[in-house]
Structure formats: structure tokens, C-alpha cells
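J.: Feature list, courtesy of TrEMBL:
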- 1-30: region 'Disordered' (REGION)
- 1-11: compositional bias 'Basic and acidic residues' (COMPBIAS)
- 47-372: domain 'Peptidase A1' (DOMAIN)
- D65: active site (ACT_SITE)
- C78-C83: disulfide bond (DISULFID)
- D256: active site (ACT_SITE)
Amino acid sequence: MDKLDQELEKLKRIHDKHSQQNPKQEHPKRALVGVAPLRGNSLDTQWVAAMEIGSPPQEFSVVFDTGSSDLWIPSTSCQTLTCMTLRRFNPARSSTFHQDGRPWSINYADDSKVSGVLATDNIKVAGITINDQTFGMASVNSGSTAATGVDGIMGLGFNSNSEMGNVNTPITNMILQNQIDQPIVSVWLNKASDQDASLSNGGQFIFGGVDPSLYVGPITYVPVTSSKEWQISIDQVFIGRKELSLSSAASSAIVDTGSSYILFPDYLATAFHRAIPNSQYDSKLGWWIPCSLANSRSVGDLTFVLGGKKFSVPLSDIVILKSAFNNYCLSAIDSWQELAGHGGQSGILLGDLFVKNQYVVYDYQKEQIGFAEKVDMAPGGINLNAKSIAGSGWDALRASSRDFQVLAMALGGVLSFLFANVL
């Protein structure tokens, strides 16, 4: 029996034992999903959601990160200048707080670091209340999210990839506490170009299912190929009609909502930009592309073939930081060489630059990621992209999340007690 089967069997035994010992306390089947509305920013580099922790609730902004598995927010013990600009959790104000005390520390790919001690409390996110969730209280926070005013990170990775030890992720606890019926998270990110000036209608994360009004056509599912991350195989990569040669290592990609852009190994980043006329490389800033190509059809899109289907990123999204600097613009396709200490990475990282152009489904139990053609604006259904919440702040986003905890439109089997910890 492999690790996935062992984890599934473990959760099933827990569920069965609870059912036998507490037959009158068994929750009825509800088929609910939870919806978290998002705020974007003008550069499409970050989407954040509201979260509440403690009793009475203390409110925080978090990034949903499929590239990590831990939940943390700064606490009042963090006294740095960076922390003082953020909302910090005060354990003394919560009647449901319990000190854990175990130390934790996380180093991210951009060399930022957070550390502190563990605690447990009730949290509320996407209209879902999770009881006794273990999370990190950061007393040290040099994270890149802090520099943008975001309080913390909620990891959507697998249990076994947690850097906090033997800790259930919020997704695991949502399943075990019968808050959602399917171990699925689906993502619809709205581009800044499609939002109003407030950037409050930034999209949504759906916990427990999918919303058919947010995509058209079928969902193409691709199996996860790593025991540690949301990694899949790539069939082919094109820029326009030109196919880029992939090494065996570069034939896999991590689909990461916690990263802004797309990262290629150095050889592939070079091949991609050389296929774009007059691109130039700067050792300090990376690749530059003529701004005039942003809306040109002469080059074509960056296209990934996944599960035999094509999913594209338009060149207009890759040409960023438009300026009059010799009519050149910065490219959103980076090389791992640009990240100190990561030059040896040989795979591909598909960050929000890719995710915002698709409808993406993370299926924990079946170990697969689904991709479909997204709609540009939500036409109906859950439709938390409504203009009525634009610019109205976190309270309105939170209220909308509660109001739209709806009957699932999710597809597939319903297994309320199963969660696949495959990392």
C-alpha cells in the first residue's frame, strides 16, 4: 500500500471510529462549498482574501498558496518595523486560543523567512468555520508578502509537505469537520485589466467544488506526478507556432498560486525570448521585450499542451512594466537563474501569470489538476465578481462569502471523510 492509500485509509478509520462512538453527533450530508472572494492588484502579482481567527474574530488578509502547506499570520510578539505595519494576532483577545508552543520556521524560494511558535484557534475563511486549527504565529517575518501589506499565507498544499510538523492543513480539517464534501479547490482569477479601479472583484477560490458558470467546455485533468507538490507533466510548449524543445526535467511543472509569474530553467527562458524579435537580456533585470509587441499578433501566444489540450498565455500578459525605457518592457517569464540559490532548478513553475488565464481545479483525493477555458467575467452562479461589492472593503467581502456558501455545483463523487495527503 503506497503513502496515498495509507493516508486515505487512516482518514477513513478516523471517520468510521467517530461515527461509531458518536452516532447522534454525525453531521448530515450537506453538499456545501465555501467561496472566498479576492482582491487583486494593478500588476496582477497578488490576489488576497479575508480570514478571521479567534473569538471574537480578528481579521487578516492572506494569500492562498498551493505551493506551500502551512497557515501563518504575524502575532503581537513580532515587533519589527515590517510587522508593525501589518495586522497582528493578539492571543490574549481570543477566548478559544490554545498555546501549542512548538517552534516553526519556513524559508521561501525568494529567500524570505518567517518563524515563530504554533497555536490553535478557530478560523473562518470562505464562509467556513474550522475549529481548533493549528497555525503559526510569526514573531519573525521577512516575507515578501509583508512588503505588500499582506498579513499572512494559507498553504493549500498537502499535509505531508507541511514544514510545521504533524499538523493538519485547513483543507484537511474542512473535510474532517464536514465543512465541504469534496476535497477540491477551484480557482478563478480576474485580471486587473478586467476589473474596476478598486480591484476588489479579483476573482474567487471555491472550497469543495467547481462553478460551471466560470468556465466553458470540458475540464481536462492531468495527474499529479510528485509526492511533494502540485506537479504535473507537460506535453509540449510553443511560442506562437514555434515549439520549444523540452529536456526531460523541464517536462514537468508546478502549478503554484503563490507565485506571480512563470519560471523556466535558464536554457528554456533563453530559447523562449530568442523566439521573440529583438528581445534583450540584462544581467540585473532579466529579459526585456519590445513594448510594441504587447498587442502584436506577429509572435503569438505562449502555449502549454497539458493532457493533450492547449492552454495559452497571451503575449500581452507577458509584457509587463510598460515604460518609455528605449521602448522596451520587462518580461514576466523569468529564469530560475534570477533567484539566488535556485539556478539549478530544472523544471517549470506556472504561477499566477498562467493560472489567471485558465480555470484551475486542484483535486486532492484523485491527485490531479484540472484546466478549462475560463470566462472573462462571471455570468452567473456564485458570481462573487459582482460590482455590488467593489470597493466596499473586507467586511463586504466577508459577508459576501457567507451569503454565497451555496449548494455545490461540483462534479464527481462525494467523499466527505477522505482527503489525500500526497505530499
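Think of each number as a place in line: the chain as shown, counted from 1.
Cβ atoms here come from the backbone N, Cα and C positions, even for glycine.
Tell me what's around each of these sites.
T.: The 10 Å shell around the Cβ of D65 (active site) contains 20 further Cβ atoms across the protein chains shown.
Remark: D256 (active site) has D65, T66, G67, W230, L349, L350, G351 as non-local neighbours, by Cβ distance under 8 Å and separation of at least 6 in sequence.
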J.: Average the pLDDT scores across the domain 'Peptidase A1' (47-372) and report the rounded value.
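T.: Taking every residue of the domain 'Peptidase A1' (47-372) together, the mean pLDDT is 91.
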